[in-house]
Ligand SMILES: [Zn+2]
Ligand SMILES: [Zn+2]
């Protein structure tokens, strides 16, 4: 069983080990960055399997389960940040290679386990400082808050990533480029991200002595809490030792953690999720008087107000009200099925796009990406029960059919969907367009309590 390749040459055992960083330097050292496997994309089937398993275990253990609207919002954020990588290559790697090629001071051998271990701690050390800055500097928080905007805490939360964050982390990793070869760096950046997937869960409560060294689900739950005792704590990626050394460690207590932002987002709109805090800073910047205060709005903590300490006054943090209220606008059964079918079609097409991006023209890729972005926004509007959602969907279905008709009349392959699926996909889009034309409406149920 363990030797059966699931995707490419990744076996079940290999794929599972990678999540826990249980890999050896020998099997993950390469001379050139181009030789480094795309560990994150290879992990996609394992992500999905783990999410399904967590859902079942949460059901059996009577723990909070992933909600479709929230999971949709997290997966959308992931798609957005991945798509930006297709357009603007991987920023971490591009900047790193540039600095290494031009400015490196020593050349650590790529095939030495010492280089590998040095880089393991190096990447996590700089990740700690990136992450701490992302919480303590308002303009960086505007990017990172996307990850914290979920009011749930489960494996799907790990997928909720900011589009701009990767460009910020790349700057923090630059000092490593003075010595560590890009190939080894690239392996560790990917494993650091992979490791951070499985710690987003309520299923694992305590890992005994491992809690002293590693960033665990328990430590990271505290990091995601909006309870006053959780704010600005536990920034580590793989290790928790940096928090213990630099004084930002906080162990989990018996107080029930309320997840999410201090001022909840209350929207499933994926574009607004990415932009809301930038807009908030822009408004506050102009409302605040005095040059030094304006600069503080950008550079001090998100909770800072004139006259308060750099990271804001802890007394200003609202206490948690129980039972915890979550934003929970959602769809009828029919609407849910609709989004599931279309979302599955979009995700399949998205995976195919990544696999085939080299064969497609730049314009083709841009066109398909714009359509994806529009699709996700349209689903967000459906979940939020916006009045214009049905018009967005009608336009989306018609646009697909028109482009499809045009490509077929030109005898062109759509380049994204294999021809054997196109009949089925066409059927779904025609039925959907008719559904919106006949003006069927979605029902809504509002905020529920946990
Ligand atoms: Zn964070
Ligand atoms: Zn997290």
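Heads up, the Cβ atoms here are built off N, Cα and C, so glycines get one too.
Positions annotated as transmembrane segment by TrEMBL: 43-61 (among others).
What TrEMBL records for 82-99 (among others) is transmembrane segment.
If you look up TrEMBL, you'll see 114-130 (among others) marked as transmembrane segment. Same-chain residues lying 6 or more positions outside the transmembrane segment (114-130) and placing a CB less than 8 Å from one of its CB atoms are 25, 28-29, 108, 168-169, 172-173, 175-176, 180-181, 184-185, 187-189, 192, 235-239, 242-243, 246.
The domain 'Fatty acid hydroxylase' annotation in TrEMBL covers 117-248. On the 0 to 100 pLDDT scale, the domain 'Fatty acid hydroxylase' (117-248) averages 96 in this prediction.
The transmembrane segment annotation in TrEMBL covers 170-189 (among others).
The annotation transmembrane segment is assigned in TrEMBL to 330-353 (among others).
The domain 'Alkylglycerol monooxygenase C-terminal' annotation in TrEMBL covers 337-404.
Annotated transmembrane segment per TrEMBL: 365-383 (among others), in sequence order.
Within its own chain, the transmembrane segment (421-442) is flanked in space by residues 331-332, 334-335, 338, 341-342, 345, 348, 382, 385, 389-390, 393-394, 397-398, 400-401, 404, 414, which lie at least six positions past its ends and keep a Cβ under 8 Å from the stretch. According to TrEMBL, the feature transmembrane segment maps to 421-442 (among others).
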